[in-house]
């Protein structure tokens, strides 16, 4: 490993600076905003993981992917979210150069894994609803293979800065770290371009292609006899709607960050106020709280177990309504049959 990767290159790690990009009140406001997202993100994602482990009924292919996303989002909230709250409260990044590198690596690892998992979920829904391969069963092995690939893909492309290709550096108002989009060194630029292509463009393309196909099929489903029965069709459409909403919120959260990063890479002379550069960063980190809200609220299977868990065992609705939660959708989640 190259020692320079961990050597400090600025005094921003040593304490509050005279040229701080924000006032003390500004840092406190950012800290409060991040706390409002980070606290619920930790609680809700942990809830998804715990109830999935407690109840065998939730261990289905789509739910394995949802639990993997919860793990990745929990990791992002525990590293990037908590550290952003603490560092903004102090007004500077307090963990030194090594801490910056480790935070940048961890947040990037969890973030790209989550993005790849969104792509996996979109593909799974597209295969189940649209049936491009005819008769097929989406099994646990397929889900686990996709999950393993998402972690391996993310790890492969977030390790290079630890060994000298690219680097992690302070970003925005200098209270969090990420891949260095500003450094114009050819080696760093080559890494950033490759990173954007394989970690953002490829998953986004997969998501958009699957989303487009899924939307078209749902539009045609009332005109085509391609789904087994009305009840199953209704169940599949509900799950598909949940996935579409999840994909849209994820794109809204991450596209501004990816777009700003590429804008900086291709326009190095452009001046961006640190606060403007920070907004997309925090918008991306806030995505960790949206997903569990979406699939706890829209997925009856998760709602049946997660809400009573959060309410310490209290059942907020009629037991008969809750008991109908998973069987119809379960068939839709797992089974793919010919059109």
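Using the three backbone atoms N, Cα and C, a Cβ is placed for every residue, glycine included.
Annotation comment: TrEMBL describes 44-295 as domain 'G-protein coupled receptors family 1 profile'.
Under the heading transmembrane segment, TrEMBL lists 27-53 (among others).
Look at TrEMBL and you will find 65-85 (among others) tagged as transmembrane segment.
Annotation comment: TrEMBL describes 105-123 (among others) as transmembrane segment.
Per TrEMBL, transmembrane segment is recorded for 143-160 (among others).
Per TrEMBL, the feature transmembrane segment maps to 189-211 (among others).
Look at TrEMBL and you will find 239-259 (among others) tagged as transmembrane segment.
Same-chain residues lying 6+ beyond the ends of the transmembrane segment (279-298) with a Cβ under 8 Å from its Cβ atoms: 30, 33-34, 37-38, 40-41, 44-45, 47-48, 66, 69-70, 73-74, 76-77, 80-81, 84, 107, 111, 114, 171-172, 176, 178, 238, 241-242, 245-246, 249-250, 253-254, 256-257, 259-260, 306-307. Summarising the annotation, TrEMBL assigns transmembrane segment to 279-298 (among others).
Per-residue confidence over the domain 'G-protein coupled receptors family 1 profile' (44-295) averages out at a pLDDT of 85.
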